[in-house]
Structures are given as C-alpha cells and as structure tokens.
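In what follows, a structure is listed as structure tokens, so that the remarks can point back to it.
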Amino acid sequence: MTVVSSQVCSAAFLVYDYFLTLPDEVQYVWRTHWCLRKVLYLASKYLILVVFLVGLHWVTSRNVSEAECQIFNTILHYSYLLAVIAAENMTLQVWALWHQRPWATIMLGCLCVVGIVLGFKDISTGYRNDVWASLSYPGCATAGDDRTALATSYITVLTHEIVVFVLMAVDGVHVPE
C-alpha cells in the first residue's frame, strides 16, 4: 500500500506542477515555432506523465494477468528510455550555460552516454527475462529483477541529476565581477 500511496502522491504533485506552469508554458513554449529543442522539451515534460499514469494503473489494477503485467512493464521500460533521451535537453542547456567548455563537454557527454547505454541495456536484456507472478492484491510482481543493474541505473541517474543541478546552481549564483 505504501508503493501505491507514494505513486499517487507523486502523480498528484506532478499534475499540480503542470497546472501551475501551464499558462507560462502556453505563452513561452506552445506559441513558438517547432524545432528540435521544443520537441525535446515537450517530450521530456509529458513522457514522464505517461510513465506515471501507466505506473499507477500497473500498481492499482486488480486481477491483472501475466500478459497485462508484461505489457505494462514494456510500456514503462520504453517510455522511461524515451524520457531519459528527451531529458538530455536539460543537459544541453547546462552545457550552453557553461559556454561549451571542454571539461563540461566531456563530463556531461559521458554522463549522457552512460545513461542512454544503460537504458538500452535495460530494454534489450533486462525485462525480457522477468518471471511474472499473479497476485491476490493489486499490481504485478516480478521475480526476475537484476538488483545490480537497477542499482547501477539509479546511481547513474542520481549522479547525472546532481551534476546538472550543481552546475546550474553554480552558474545561477555566480556573480560577475
């Protein structure tokens, strides 16, 4: 039940954030001409909503068959990979903030490549070996999770986000002389 509550809370916060920022987004994003950056921005913003909705359905559905669990999990894996790729838009913005310096290029480039490679590895090998179990309570359970791959992916995403945040914060508080 804790998993369901945390996902519902996260989804509610995400929807609340969408409604708070929607007027500015309509004014500054939707009315601009279409380009790759706009597509990446919208994909990174709205793919996560799809992931949350599928995830909520996944953990709250009763009497879910093993085939439905496999479909839910496949959607989650592919949408997660697309969201990671689209989120690299933020990395490009940080790279631009730091004036395309070589050290920033190498560091951010390595983080992006590692994240995307782990995402593709997850798609190609990870979830296809999972064994699904039917549950008497809502949700799906798998017995085939690779905890090392999961931890590696989590640490990589966490490291990437911390580096991007620190670089943006340092640039934001930097006072020109």
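Every residue, even glycine, has its Cβ placed from backbone N, Cα and C.
According to TrEMBL, the features are:
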- 6-50: domain 'DUF6533' (DOMAIN)
- 39-59: transmembrane segment (TRANSMEM)
- 71-96: transmembrane segment (TRANSMEM)
- 102-120: transmembrane segment (TRANSMEM)
Residue counts in helix (H, G, I), strand (E, B) and coil for the domain 'DUF6533' (6-50), per DSSP?
40 helix, 0 strand, 5 coil
Averaged pLDDT, computed only over the residues in the domain 'DUF6533' (6-50):
81
